[in-house]
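To keep things clear, I will list the structure first and then write my remarks on it.
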Amino acid sequence: MGIKHLFQVIQENAPDAIKAGDIKNHFGRKVAIDASMSIYSFLIAVRSEGQQLMSESGETTSHLMGMFYRTLRMVDNGIKPLYVFDGAPPKLKSGELAKRTARKAEATEAHEEAKETGTAEDVEKFSRRTVRVTREHNAECKKLLKLMGIPYIDAPTEAEAQCAVLARAGKVYAAASEDMDTLCFEAPILLRHLTFSEQRKEPIQEIHLNRALEGLGMDRKQFIDLCILLGCDYLEPIPKVGPNTALKLIREHGSLEKVVEAIENDPKKKYVIPEYWPYQDARELFLHPDVREADHPECDFKWEAPDVEALVEFLVKDKGFNEDRVRNGATRLQKNLKTAQQSRLEGFFKPVARTDEEKASLKRKHDEKLQEQKKRKKEEAKAKKEAKAKPRGAA
């Protein structure tokens, strides 16, 4: 789910934090991708009749189709993807997950009813709501990535939090996810729409955390408090508190502690805090998530050549994919992963801190240059003055 209305809040209050651009702009960059969110998006990319893509044996293959072709698109554009899979969810998230399960059960029932009596739009709408990523989906996607030579790692808990760690450490350029809560985990840069299909023609959104904080006039802790008020995966939102109200409350009171106090002491009782609302626990999960440090052995990764024949065996013979397309994809992987090794120019020219002696020398040269310019201007002004004073016709 992520954070409700957060993109809208940033767009309206810190527009400089958001850049929209083409996928080609990220040539030569390594990106950590929230795998579970990507797989979910592949699964809901259903046909208009509400059916998943399936093999001859009736197995769902939408996740594999999406993972194969969207990864190819990234590699074709010089991006080196690293997929990060979710681990066990934090205990505080269990309430939200239980609600999602209940909603999916209701949607399944509604989907069956819509197939009998509803319109095509109803069928597709409820079909999307029944989708969930299973262990089997994850396992098959991991197998596919290994055969493609694309690295993946397992996060202890939240994939977005692990992506953020890798981005902060400089092991990747950015974290990629549709979930805006990636920013709460302190990802310096969040990329959205990176795994969307080309047909959707959606630009890649690049969101910079430091610019968002600056535009909102908040520190990180206040930003997290704002996100909790907006509505996150860990807590139900406060009824009647929308994005504008949430922003106003944090700006006015500075912290959730003071917001809660103000709401509880309000004689009008305009807002009501849910009976069980452990916002401090939620904040702690954002501030100190269960992650592996970037230098942990399990966070080592590298891109390798695809295993072409094993890829054909898995996708063509087991899953019914077209052999020519799979072989063509493998050829593109081999070629473009080598091309992506050519780092961007910005990677070659990293700024190096200057010594005090070098700084003094540069300042001296700068001052000398200024003095020289002043002297030249003075001489030019004097020459012009003399030229004007000289009588016409004088030799």
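Please read every residue number as a count from 1 along the shown chain.
Quick reminder: no glycine exception, Cβ is built from N, Cα and C everywhere.
Per Swiss-Prot, the listed range annotated as region 'Interaction with PCNA' is 341-349 (candidates: 260-268, 296-304, 341-349).
Annotated Mg(2+) 1 binding in Swiss-Prot involves Asp86, Glu158, Glu160 plus, out of the candidates Asp34, Asp219, the residue Asp34. Same-site candidate for Mg(2+) 2 binding, as annotated by Swiss-Prot with Asp179, Asp181, chosen from Asp225, Asp233, Asp281: Asp233. In sequence order, the binding-site residues near Asp233 (DNA binding site) (Cα within 10 Å of its Cα) are Asp181, drawn from Asp34, Asp86, Glu158, Glu160, Asp181. Nearest in space to Arg70 (DNA binding site), taking C-alpha to C-alpha distance over the binding-site residues Asp34, Asp86, Glu158, Glu160, Asp179, is Asp34. The two recorded residues Asp181 (Mg(2+) 2 binding site) and Gly231 (DNA binding site) have their Cα atoms spaced 10 Å from each other. Proximity of Glu160 (Mg(2+) 1 binding site) to non-local residues of its own chain (separation of 6 or more, Cβ distance below 8 Å) is seen for Asp34, Met37, Ala175, Ser177, Asp179, Asp181, Thr182, Phe185, Ala187, given in sequence order. When the Cα atoms are compared, Glu158 (Mg(2+) 1 binding site) and Gly231 (DNA binding site) turn out to be 17 Å apart.
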